[in-house]
Every structure is written in C-alpha cells, then in structure tokens.
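J.: What follows is a structure written as structure tokens; I'll ask about it next.
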Amino acid sequence: MSDSPVTLPESIKLTEYSHGAGCGCKISPKVLSTILASQLPVFTDPNLLVGNQSRDDAAVYKLNDDIGIISTTDFFMPIVDDPFTFGRIAATNAISDIYAMGGTPIMAIAILGWPINKLPAEVAQQVVDGGRQACMEAGIMLAGGHSIDAPEPIFGLAVTGQIALTDLKQNDTAKAGDRLYLTKPIGIGILTTAQKQKKLQDEDSHIAVNAMCQLNTIGTTIAKISGVNALTDVTGFGLAGHLLEMCQGAKLTAKLKFDAVPLLPRALDYLALGCVPGGTHRNYDSYGEHLPELSEHQKAILCDPQTSGGLLVAVSAEAEAELIALLDAHHIAPICIGSLETPTTEANVVLY
C-alpha cells in the first residue's frame, strides 16, 4: 500500500490493535449532541465567526477585516494495516477540514496515542512519517505534536489554516435551488470493512487507499466561485449525515438522486458480501428519522462512514457551469447528485 522505509513482520497488522477504524470510530451524532450540550453559561466572542453552533468542519477566527484563522483537529484508530499509509490517511483527513472551509493550511501538529508495550516505537515512527508525507504534499510543516501511552493506536493532526474572509464557505449557508456535487466516490467504509473482515482481494487493496490519500486541495479553488453557497467534507457521518447538516443549517430539503451517487469500484461487490461497517448502523440510528424510507442497500451507501472523503458542494444554477469546468480541469467527474429546495415534507432528504 505504500513505500514504507522499514519492512514490518507479517504478524503486525495495525487494524488488529483497534476496535474501530478511521472515521467509523466517530461518536454517533445523537450521542455527540448530548456531550456538547454544555450546562455552563454561554460565552461569546464576536471574532469567532464559526464555532460549534453550526457543526461545521472547523472553527474560524477573524484576525482583521480581511483574514481569518482556521483551526481544526481530527484523529482516529488504524483503518489500514500499513503504518505509513495509516499516518498518511489520518493526516490527509485532518487537513481536509481546512479545504472544506475554503482555506489554505499553513501548519500542523501531530496527535499520537500508542500502546508502547504492544507495538514497537519504530512502527509509530512510520505512522508519523506517513503524516509528515501528507503534510509535505499539502505544502505545510509538521511542526510538533503530543504523544501518550494509549491502549490502542491513535493518530491525527491539529491543523491551522488561513482564509480570505470573502472566500469563507460554511456548511449551513446553502440556498434553495442550489445543485449538489460530490468530489469523491462513496464506499470507503465498505471497502475498509472488507479488509477488516479479511474479504478484500489483494488487487483491490489500492482502491480505498488511493481515494483516502487524495488531498481535497480543490476546495480552496472551489471557494473562490461566488456562486458556491455551501461546502463541507463527507466523513464519518456518511453522505446522508453531512447532507442533513447542510439542510438543517439552511432550513432546506435535499432532493437526492440516489442512482447518481458515485461509488468506488467494487464497492457494490463487497457490499453484497456483507461488508457493512458498524458506523453505518450507528449513523442511521442517529439521523434516520430525517430520511425517507430506505432499503438496506440504500442505507448501506448513504450512511457509509467515509474516511478522508470528498467535498459536498452546493452551487447556484448560475455558477454551475463554472464549477463543472473546474472539476473537469482537475479530472473529477462533474456529476450532479441532487438539489436543494424549500421544504415541503418533514424529511430533510428525499430520494428520486
């Protein structure tokens, strides 16, 4: 899966040291709402432009009338066995939140939890090097970090970015009539579960890895299109979950064309083998009441937790051609997967 600098014994498989995998480790939206319901008095700062209120991808702090600072963190347990690749994926996923706001990353620090009595330090070194590789690809330094002795391997980054406030994109600012586009196919949770269940064929091992290692750098350019009204990345809550956040924040309903949702190669084959991650069921349990009646097949795709997934874009009809041209120029299939409308039903997402 990678050109790791050190060859590991065949007996070391990182996914066997964790109970979860990637963004599928995320606490469910329902439980997270309980955790974040603070009992303390409300404290506000007028310069905090984006905080917890909108469940956005990162926090944004206004430095002056022109520039804002973006701050985010993301970490998880191994989603692949190879340590270098795990570190690279975890870092790519963390950096994505900066691009999802329309910003540019400027620095990162590492977060490492390591079972020092179970796994050699040399393995952790490869994980950190994978993270360093992703940072280099994003043009930033891995400037430091913090580590603890932990029962399971954990790795990720805290990332700082900057943004011209005129380019800032949020997940709750979509408008009725916007078209929906997705920059990466769905199915990462299915394929990584196939690996964990030892069903993944060797010739398919690169499919999810290549997708997860692809930086969402295009987000910085997408944000410069004035007709892009909302932007977010699709990660652990699945396409349906992150689309719901977009709908609920803007008080809109999404008309989603299920058959247009792009899927990773072989995802349907492994889905037929029962490779459904636990995160899929947790996701549906958390927000299924806001969805139309779904078949098990539809649930498995729409609620599939993504790790380092693509960007979900809401763009006006007037700016759609500009977005399509940009996606084409970056060799991303410009497939419209739906639209946003003024609500006419109780469900926030309807299928057609």
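The backbone N, Cα and C atoms fix where each Cβ goes, and this holds for glycine too.
According to Swiss-Prot, the feature active site maps to Cys23. According to Swiss-Prot, the feature site 'Important for catalytic activity' maps to Lys26, an assignment based on sequence analysis. According to Swiss-Prot, the ATP binding site annotation covers Lys26, Ser54, Arg55, Asp56, Asp74, Asp97, Gly145, His146, Ser147. Taken from Swiss-Prot, the feature Mg(2+) binding site applies to Asp57, Asp97, Asp233, supported by sequence analysis.
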J.: So if I draw a 10 Å sphere around the Cβ of Ser147 (ATP binding site), how many other Cβ atoms end up inside it?
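T.: So the Cβ neighbour count for Ser147 (ATP binding site) comes to 15.
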J.: Reported as an integer number of Å, what is the Cα distance between Arg55 (ATP binding site) and Asp97 (Mg(2+) binding site)?
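T.: Cα-Cα distance, Arg55 (ATP binding site) to Asp97 (Mg(2+) binding site): 12 Å.
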J.: Could you state the CA-to-CA distance between Asp97 (Mg(2+) binding site) and Asp74 (ATP binding site) to the nearest Å?
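T.: Cα to Cα, Asp97 (Mg(2+) binding site) and Asp74 (ATP binding site) are separated by 9 Å.
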J.: Who sits close to Asp57 (Mg(2+) binding site): which same-chain residues at least 6 apart have their Cβ under 8 Å from its Cβ?
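T.: When sequence neighbours closer than 6 are ignored, Asp57 (Mg(2+) binding site) has Thr72, Ser96, Asp97, Ala100, Met101, Asn171, Thr232, Asp233 within Cβ distance under 8 Å.
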J.: Far apart in sequence but close in space: which same-chain residues, 6 or more away, have a Cβ under 8 Å from Gly145 (ATP binding site)?
T.: Ile109, Ala110, Ile111, Leu112, Val128
